[in-house]
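Please read the structure below before turning to the comments.
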Amino acid sequence: MNIIEVKSYDKMSEKACALILDQLKESDKSVLGLATGSTPEGMYQRLIEQFNAGNVSFKNATTFNLDEYVGLAADDPNSYKYYMNDKLFNHIDLPAERAFVPRGDAANLEQECRDYEKRIAEAGYVDLQVLGLGLNGHIGFNEPGTPLNSRTHVVDLDESTRHANSRFFATMDDVPSQALTMGIGTIMESRQIVMLVSGEKKAEAVRQLVNGKVTSEMPASVLQNHENVTLIGDTEALSKL
Ligand code: GLP
């Protein structure tokens, strides 16, 4: 695993943006895997700046997001589709029909999971997957105990995850109890993985990710088995290594 220590959240965002630009330089038809949460927001801002400066175009790219809450439609401000539109898609030239997010309001969720896998395969699989890290070691919404070979599926969210994400919702009751997520096996098929971590509260999860044993109880530990992972973290997040 390639570990890059940076001094600040801003530097982490800058470095992550640079890796995405490198990928798009290699092929403007790249397939990017995208994440939500607070961590990648700075990276998205920088990508928009680079787009506005004329340094990058997304018009031939395809993106697949990791996950979505069950029951939330695209126009719900708490849905990950809304987040992506707001933080990135509305500000760049990525064609809407190639900006994929699992549909949390699909009538048949199992079918939506199968279709999502099919779309990823048809696009030629993910070239560069951006990941954040849950406090309990989840990647996407793959909670502890998820089989390491899992594909896109419906998950019951851990209470700890609902609690961590409740900051975005009006009340705890509004936080969905289920989500759709790319599986760990799906994520591991990406050619390159860029994991972003920031802040002291992630330090213990980062320690287990890098130095712990590979176990489904700590989903992110599986990244030790991937041959092209770059972990970009600020000093606080890497403080337990
Ligand atoms: C959320 C998302 C993950 C994200 C993680 C960390 O539950 N499903 O994709 O990486 O938690 O979020 P944050 O970056 O806000 O700490």
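Cβ coordinates are placed from backbone N, Cα and C, and glycine is handled just like the others.
Curation does not apply to TrEMBL; its annotations are automatic.
Quick caveat, the model's predicted, so the values are computed rather than measured.
Per TrEMBL, the features are:
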ACT_SITE  Asp67  active site, proton acceptor
ACT_SITE  Asn136  active site, for ring-opening step
ACT_SITE  His138  active site, proton acceptor
ACT_SITE  Glu143  active site, for ring-opening step
DOMAIN    10-229  domain 'Glucosamine/galactosamine-6-phosphate isomerase'
- Within the set Asp67, Asn136, Glu143, which active-site residues show a CB-to-ligand 1 distance under 6 A? Asp67
- Asn136 (active site, for ring-opening step) to Asp67 (active site, proton acceptor), Cα to Cα, whole Å, comes out at 17
- Message: With DSSP assignments reduced to helix, strand and coil, which class does His138 (active site, proton acceptor) get?
- Response: coil
- Message: Restricting to the domain 'Glucosamine/galactosamine-6-phosphate isomerase' (10-229), what is the model's mean pLDDT?
- Response: 97
- Using C-alpha atoms only, work out the spacing between Glu143 (active site, for ring-opening step) and Asp67 (active site, proton acceptor) and round it to an integer in Å. 12
- Item | Whole-number Å value for how far Asp67 (active site, proton acceptor) lies from His138 (active site, proton acceptor) (Cα to Cα) | 12
- Query: Looking at the active-site residues Asp67, Asn136, His138, which sits with the largest number of other Cβ atoms within 10 Å of its Cβ?
  - Reply: His138
